[in-house]
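Chemist: Pasting a structure here, questions to come.
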Amino acid sequence: MVSSILKFVILIHSTFHSTFAQNLPDTTVAPKTKRTIKIGIAAAQRTQTSSIGWSVCGGAVPMAIERLREFGYVKDFDFEFIVDYTECDQGSVVRAGIEFIKTHKVDVIIGPPCAQALRVMSFLAENYKKPVLGWGFVSDTDLSDVIRFPYLTTVIPNSLMLGYAASKMLTVYNWGRVAMLYYYSDIKYCSGVMNDVEATFNNPSTPNVNIVIKAEIYLNDNETTDIVFQSVKSRARIIFWCTQTAIEKRDYLIKIATHDMIGDEYVHIMLSMRNIAFGAQTSLGKPTFSQSGLTPIWESFTEGTDDFEKMVKQAATRMFVLDVNSEVADKKYLDYLQKNIMKAVQSPPMNCSTVECMTANTTIMGGYARQLFDVVYLYGVALTNTNSTDPAVYDDVDVIVPQFVTSFQGMTGKVVISPNLTRMPIFQLYGLNSDYEQVALAEFTYIDPIMNVTLSYKEEGGAVWYFYGNSRPLDIPICGFLGKFCPISFWEQYMILAIVSISVIVLMVIIMIIGCLCVISAKHAEQARTNAEWQVPFVNLMESEKQIRSNATSRRSLQSAPSISTGHSGVTTVSDFCENYTMMMYEKEMVLTAKYQYTHLTKADKERFVKMRKLDHENINRFIGLSIDSAHFIAVTKLCSRGSLQDILSRGNFSMDYFFMFCIIRDVAKGLEYLHKTFLRLHGNLRSATCLVNDSWQVKLAEYGMDNLVEEQTPPKKRLLWVAPEVLRGSLSVSQMEPSADIYSFAIIASEILTKKEAWDILDRKEDCEALIALVKDCWAEVPEDRPTAENICSQMKGLVSKQKTNLMDHVFNMLEEYTSTLEEEIEERTKELTLEKKKADILLSRMLPKQVAERLKAGQTVEPEGFDSVTVFFSDVVKFTILASKCSPFQTVNLLNDLYSNFDTIIEQHGVYKVESIGDGYLCVSGLPTRNGYAHIKQIVDMSLKFMEYCRSFKIPHLPRENVELRIGVNSGPCVAGVVGLSMPRYCLFGDTVNTASRMESNGKPSLIHLTSDAHLLLLTHYPNHYDTSSRGEVIIKGKGVMETFWVHGRIDDIAEPTELRSICKPSTVANERWITPPAPKPEIRSVSSHGSRPPSVYDPLQDHRKFKMDTLKVAN
């Protein structure tokens, strides 16, 4: 498709150019003795200058002509060269081609040196039958298609053949996993080569090749290149790569060396179509390969060195080149060509004077200059072989093109052109020998459809893998790409056995060492085990925001109880319980902690803590342990949720009777008695703040045994109130104190309990508890020997109360029972009042909602919408109510409707009909829901309607005795849906077209008549035949429904007694005689009515709709 478009564009362009050329003057000159051959050259000046630039390649053209004449060719021809710098641009190529053919009338076109541009030139040449010779980056496979390009000849094999040669090479060396890298360029030469090679690898006819990575790298982008090489290192060891210039080739070798990819595992195979292999085309006079006559790639491109020679040379030993046969027979002339090619382009007949030609590097020949030489040489050989005296023969493309099928020794080796006008694909695999000379290791020749290989060595190891230790690398290393799968060595395999053997030798020494260590460690272990009994790791203590005071609610049992005794309750002392203790979590339980300054713990202290852990008494707060691995010592004890005794007494918001005080004092005395009998001998820090109270109102002594620990904060002087006088005078430590000091502290605590005030306030107590007071006075005697012991205190207290009252909790429960009995009568009184109010609320609720719905709502249940197959809906409206209301004051209007609807409500209750709502003079009722009643609903509604009419005839307005009240009633039967809508002020609503139609019956009815739909009339006659007197009204246009036949109900048959004349007055004759104006039908809408409250705007209101309809009717009538 693309080629067809190009041909069309070329045809249009050539037609225009032919028309334009007809007006040019005739410049034809008489033929000379020698035939002048005009050669059009489409060159590139600034595109890939180092490879195909005219400044470094163009000199090959005159030098090829000179070489042809040396060998006796083209003696009868002169040459004229027309050079156009198309820069591989397709538009420029078309222009240049037309000028070559039409204006300059060239005999042959050389170039352009790019694949896509060459295709355009070939299409143009085919149209004008001109031969085209290709060189440069023209190895694309499709250029070898002689059918598409019959006049195109190239001296380069196509890259598809290179892919077959690469596939054959992988088969020879048993490789199947490869990576493919190539340098980026604008003309995408290497990209095309790699695509063709990849296509051959994926061809089913070739052995399977796994391409693990294919990536593009950049000459000056080291960051991207680093990422690519890191990926290659982890996935492949056989790497195909492609470059366009010698600079890129040398850059690649430097990069693999810097990335440590030149080890014995890596094989780098360069794919080339330039006949250069390991060489570079320079004229610096540096050493050359004897095989190709080119300078080795590791030599710098300057006259000096660049310090990379050694690195590149080492990297080249891991490199192979798969290239077109590059062995040049005449290496001297190749050297001459390299030295003089830049001079030749500037000299006649080229005479290139552009900036590029004048400033070109004179040391490096263009990469594809030798191909340009061979192209010109091929054309000269073809001209000579034509050997015709007829000048017109040389213009006949069908004669000259077959002469291109020939062979000769060129500057790119032996050139053999096949019948498809491309060079015969003869590839060679080049490597370096031990002398760093380029040698051919294998030759690949394609004989359709097989790629044959001829090895140039007998022994592979030394010839091919000399630099690899004579061993062929694997495409997958034995140890894997990351070195994690290496086989286990002998030492690694038997390491455990060797270690065991060595261990046996030194076992005796180890046993001796262990024996000594065991004695030491056992001692330390025993010490650690002992310490672990009382040590609490600080990490196991978690702070809690909850404070002891938050447990005040736990004391509600006594705080809420009535007062049992009278006394002072104005204690204002604030407890320091929360200041002394902190609540924390330890092993998922709340505990109390107290901080002490860090100090040295003696062995006696540690032994004391172990024994304290074992203390167990109901009036001793259990010591859990001590944390010593933080900045402070933290003592951990069991939590008493009611706080300290001082904290309870300081609040003073409940009363304590004699027995309550007795039990608390007794618990303190029992705790002291237990401590005085233990190894501790005494408490030493007894005060009301260290007497803790648990949930059962049981007192437990805390902060005992902390003799040598100093509190974190300086204790307030207030604590000295509980210290015995002899301790204050002598500044005694706990270890120097006697148990009598605790007795003194006990007396102070007892006085606090008795007075519910601070210490030393016992004289203000007015209750009669002389025995306890006498005991307290004995305990705070000045002389320690006069104070009773803790055991004596307990024995004396046993006789202060009767044996029946020994438990404080029983006493508390008795107090609560007395309080409960006083509440029962009050509760019974309140219950009666609540029952009465509940009945009133139920009555009010039943008037607002159906009973079943109300019961579900009271139970907290949701009321799901319910569908009813058959119900009868009733609508009524007071006729001319607006006129009546205008004659009444607002209060008279309300009284009028109240009198009327109160009697209507009585009639409704008599007929089992549910009243949904009434708004203004509108009235809505329904029968058949929420309790289904079969088909009795039509009878109930009709009977109720007749009763309404009967009542209205006798109803008189007190303040308007001459005015009568008339109703207009509409009835319809059918299905509907009912449900509760809303949460605040819920409403029982009806939904369905049945409701709307009933409203239309009312609004289209007549005063004092009952208007029925055909459905309601059929239901009435079907189930209650001969019960009611009805008549057809005829067909009426109903808003939103169209034409409907409706009916009148005049009364029950047994009740009708009016004369026929009255019937004829009330019964309309036909619809045609009625002047009834009907508004247009409304749009479909959701219709619903509710049982209570005002309607939201989103819910359809039949009452409002039929009232609006009535007002619209009046407006039209006026």
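For all residues, glycine too, the Cβ spot is worked out from N, Cα and C.
The domain 'Protein kinase' annotation in Swiss-Prot covers 558-875. Positions annotated as domain 'Guanylate cyclase' by Swiss-Prot: 872-1002. Under the heading N-linked glycosylation site, Swiss-Prot lists Asn222, Asn351, Asn361, Asn387, Asn420, Asn452. What Swiss-Prot records for 1076-1103 is region 'Disordered'. Annotation source Swiss-Prot lists signal peptide at 1-21. Residues or ranges marked as topological domain 'Extracellular' by Swiss-Prot: 22-494. Per Swiss-Prot, topological domain 'Cytoplasmic' is recorded for 516-1118, and the stated evidence type is sequence analysis. Summarising the annotation, Swiss-Prot assigns transmembrane segment to 495-515 and lists sequence analysis as the type of evidence.
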Chemist: Average the pLDDT scores across the domain 'Protein kinase' (558-875) and report the rounded value.
Modeler: 77
Chemist: Check Asn452 (N-linked glycosylation site) against DSSP and tell me helix, strand or coil, would you?
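Modeler: Reduced to three states, the DSSP call for Asn452 (N-linked glycosylation site) is strand.
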Chemist: Measure from the Cα of Asn351 (N-linked glycosylation site) to the Cα of every one of the glycosylation sites Asn222, Asn387, Asn420, Asn452, then give the nearest.
Modeler: Asn387
Chemist: Going by Cα-Cα distance, pick out whichever of the glycosylation sites Asn222, Asn387, Asn420 is nearest to Asn452 (N-linked glycosylation site).
Modeler: Asn420
Chemist: What is the interatomic distance between the Cα atoms of Asn387 (N-linked glycosylation site) and Asn420 (N-linked glycosylation site), given in whole Å?
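Modeler: Each residue's Cα considered, Asn387 (N-linked glycosylation site) and Asn420 (N-linked glycosylation site) end up 23 Å apart.
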Chemist: Provide the number of Cβ atoms within 10 Å of the Cβ of Asn387 (N-linked glycosylation site), excluding the reference atom itself.
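Modeler: Its Cβ has 9 other Cβ atoms within 10 Å.
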Chemist: Which residue counts does DSSP give the domain 'Guanylate cyclase' (872-1002) for helix, strand and coil?
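Modeler: Counting residues by DSSP class gives 57 helix, 41 strand, 33 coil.
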Chemist: Determine, to the nearest whole angstrom, how far the Cα atom of Asn222 (N-linked glycosylation site) is from the Cα atom of Asn420 (N-linked glycosylation site).
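Modeler: Here the two Cα atoms lie 43 Å apart.
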Chemist: Counting every protein chain present, what is the number of Cβ atoms, excluding its own, within 10 Å of the Cβ of Asn452 (N-linked glycosylation site)?
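Modeler: Asn452 (N-linked glycosylation site): 11 neighbouring Cβ atoms within 10 Å.
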